[in-house]
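These come from TrEMBL:
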type	residues	note
DOMAIN	B:143-205	domain 'CBS'
DOMAIN	B:207-265	domain 'CBS'
TRANSMEM	B:290-309	transmembrane segment
TRANSMEM	B:315-342	transmembrane segment
TRANSMEM	B:363-384	transmembrane segment
TRANSMEM	B:390-416	transmembrane segment
TRANSMEM	B:428-452	transmembrane segment
2 protein chains.
Amino acid sequence: MTDAADQSSTPDHLEAITQALNSGMFVHVRRMLQQMRPGDVAWLLESSPAPSRKVLWQLIDPDDYGEILEELSEEVRDGIIRLMAPEKLAVALEDMESDDLAYVLRDLPEQLFNQVLTEMDEQDRHRAELALSYPEDTAGSLMNTEFISLRPDVTIEVVLRYLRLHNELPEGTDTLYVVDQHNRLLGDISLASLVVQSPTTTVAEAMDTTVEAIPLTMSDTEVANLFERHDWLSAPVVDEQNQLLGRITIDDVVDIIREEGEHSMMGMAKMDDDEDTFAPVLVSARRRSFWLAINLGSALVAASVSNMFEATLSQLATLAILMTIVPSMGGIAGNQTLALVIRGMAVGHISDSNARWLLTKEALVGLFNGMLWALAISVVVGLWKGSWEIGLVIAAAMFINLSVAGLAGASIPIIMKRFNIDPALAGSMALTTITDTVGLLSFLGLATLILLH
Amino acid sequence: MTDAADQSSTPDHLEAITQALNSGMFVHVRRMLQQMRPGDVAWLLESSPAPSRKVLWQLIDPDDYGEILEELSEEVRDGIIRLMAPEKLAVALEDMESDDLAYVLRDLPEQLFNQVLTEMDEQDRHRAELALSYPEDTAGSLMNTEFISLRPDVTIEVVLRYLRLHNELPEGTDTLYVVDQHNRLLGDISLASLVVQSPTTTVAEAMDTTVEAIPLTMSDTEVANLFERHDWLSAPVVDEQNQLLGRITIDDVVDIIREEGEHSMMGMAKMDDDEDTFAPVLVSARRRSFWLAINLGSALVAASVSNMFEATLSQLATLAILMTIVPSMGGIAGNQTLALVIRGMAVGHISDSNARWLLTKEALVGLFNGMLWALAISVVVGLWKGSWEIGLVIAAAMFINLSVAGLAGASIPIIMKRFNIDPALAGSMALTTITDTVGLLSFLGLATLILLH
């Protein structure tokens, strides 16, 4: 994170292409693009303002379209697909692995989706429909169905001879799977283990039978956690009868982990994590208005709380000056707890058995922080405003608000999860509304009771 | 993210072990732990409150200590290392890959570090010192030095015979490297490609010479971006003379991507991303006080801004009620832009060539949002407070603050990066201070000028 700016090779690349593009040296740009890998071209498109993308796309060799589309982020890809004729799109999608194919197709507008499916040849259409039949965000939608399976009774020598019949193995192959005659998974054998085996060993002797297969319906988050915890490069996917249906490879898992991280970060900042960095102004402004509208609502709730104390405020303007401090501290303290719990949930650390422990702990952190910062603010306000009475009032409000913030920060994500609401998105706004309301109510309420009797 | 709660198998595991632990069935727990993989045991420790960890650790087979320590997050590992005698720790560390070894050693307190190094045998100590000689967060510190290299002139058959001399290949081997007599990298050959080659082919014929080697000094963020962009499973690391020194494997890259995501998310919420979810109360409270103190400072800056308008506020209490709305909207809009730019920097999308375009775009989004929400708030306030004059004042302040928020949100991370400050940590606090100050100054200032003339 701290040194993303010193990207050595690639920004130079970007610089050079941008310059060539701006000076209209299209032949030169075309040649440069041909020498780049699909991942780099995708990165270049994502790093370019929307108008340049159109020009760049026309300079790319159509044979590379499929591989590049596969690597693009959702919103950028959607923009580019809109530039393509359905029949060209169908051709571009043909070479994709089945999981990526489903991933792209799922996002197409219905009319284009049908057109593309019609343009595909029978085999690809069948593959696409199968991939689309699994729910999004499950192991089924992540797996690809190209893999090599072996029978247990053959020798390693036979396996090697069989492999040599291929020009190349399916992309990302690091492990071969061993199945019985009903295609039920018996074990696996990694290529690293295959190449150290004596040729006369049988697959049954060489295979690892402790392989953990992933059920079709497992959520993608859990798949990612398993890969991470066990340092897997790939894993087999099976149905309820333990029949081998496909495999999931680490490259897709890396994408999930990246997306999850971005989702939580952007969610905390009330941003749509699909938003393209270089989208046009109006598109960006529209995407952000949802949370700005919600926040306006939340700010009006806070204003209506202080509106209840108009009489108090007009008698003592000092209260108006100080009234933003307690809500602000409550917002920060509550968001700290919220982030901790959201992270813990994402990596699967939090379950029924430890949720109560965590809730108690965070409530205690809130109480402790409440005491600490109540003391601090009473001293500051006492010295600044020369009134220890106001100091006492703000201290009491701080203590109440930080205690509530700890409890709310820990319980909001746990409750939201129960109701299937995503706490990374909605959590911090709900929390801030609570800490603003409680902060203002307790500060202005106590001030009215104590100072204006 | 949305479905982290439905982790099926592992929380059951956690539940069962927690119950067994609470009922004192230690023999049973010990047996369960023996059947778990190191990654799962590490996950169990991380999911357990601090007191249970101590008991669990004593029930784990000491032979597994090294592999488990390798998988633990920093703060949890530090807590456990404090429970271990230096000589036991030295034994536990012996089996680690060199990059993980350096990673653990680097965090030890100096005295323990020296004790552990003394306890190690010569070869391990040498390996550790070499790994420690590379700066943290660079390719050098990520690489491990166990790999298999080949000469170009041998045949595949000879390679296979050579590989069979091994019991197993170094962990995570998916590719073999081809070097000349000076150990300079010539190319590589993946195991997937090796097994489809005819035995009489030479390595020189079969190898891929387009392999992109990673320089020793490349930052870990950039390494992660390259892996992600090219779907690599591993990559060779070379020095300036193109000599092969080691390789980086995807499992370490996955950890970097996970950590980066957590760092940005936790940073936005003003949390230390090392904080252990199940740390003791006082440890947690202390860790959080830094940002609470900074925020208190920021809140006091805002209070001192409104303090300048004490006379205005005492004349018109309605202003006090409305004055939190404009800063709040500015904070959200600015943080949206900030998050977008931080994400763009993290994945390397933002460079000198497009920074200006982005800055202009975000400033325009700010202007546009400013107009939109100025209109909205003036209508709301005009209707609520029955004063179109106040509505006009708040509209003008909203327009000013949202325009500033867009500009500040885009430029703060770019400027901070120049000065090597981490925007994910410090950015949102700097931004909020700006939007609070500008929001209050413009609202109360305009109100003083226009309403109280």
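Glycine too: its Cβ is placed from the backbone N, Cα and C atoms.
Within the same chain, residues 264, 268, 302, 306, 309, 350, 358, 362, 365-366, 369, 373, 377, 381, 385, 387, 390, 394, 397-398, 401-402, 404-406, 408-410, 412-414, 423-424, 427-428, 431-432, 434-436, 438-440, 442-444, 447, 451-452 sit at least 6 positions outside the transmembrane segment (B:315-342) and bring their C-beta atoms closer than 8 Å to a C-beta of that stretch. Mean pLDDT for the domain 'CBS' (B:143-205) in the predicted structure: 94. Ranked by the number of CB pairs under 8 Å to the transmembrane segment (B:363-384), the listed stretches B:290-309, B:390-416, B:428-452 are led by B:390-416.
Cβ atoms under 8 Å from those of the transmembrane segment (B:390-416) belong to residues 318-319, 322, 325-327, 329-331, 333-338, 340-342, 345, 350, 355, 358-359, 362-367, 369-371, 373-375, 377-379, 381-382, 422-423, 426-427, 430-431, 434-435, 438-439, 442-443, 446-447, 450-451 of the same chain, restricted to positions at least 6 beyond its ends. Broken down with DSSP, the domain 'CBS' (B:207-265) shows 27 helix, 16 strand, 16 coil. Secondary structure by DSSP for the domain 'CBS' (B:143-205): 15 helix, 17 strand, 31 coil.
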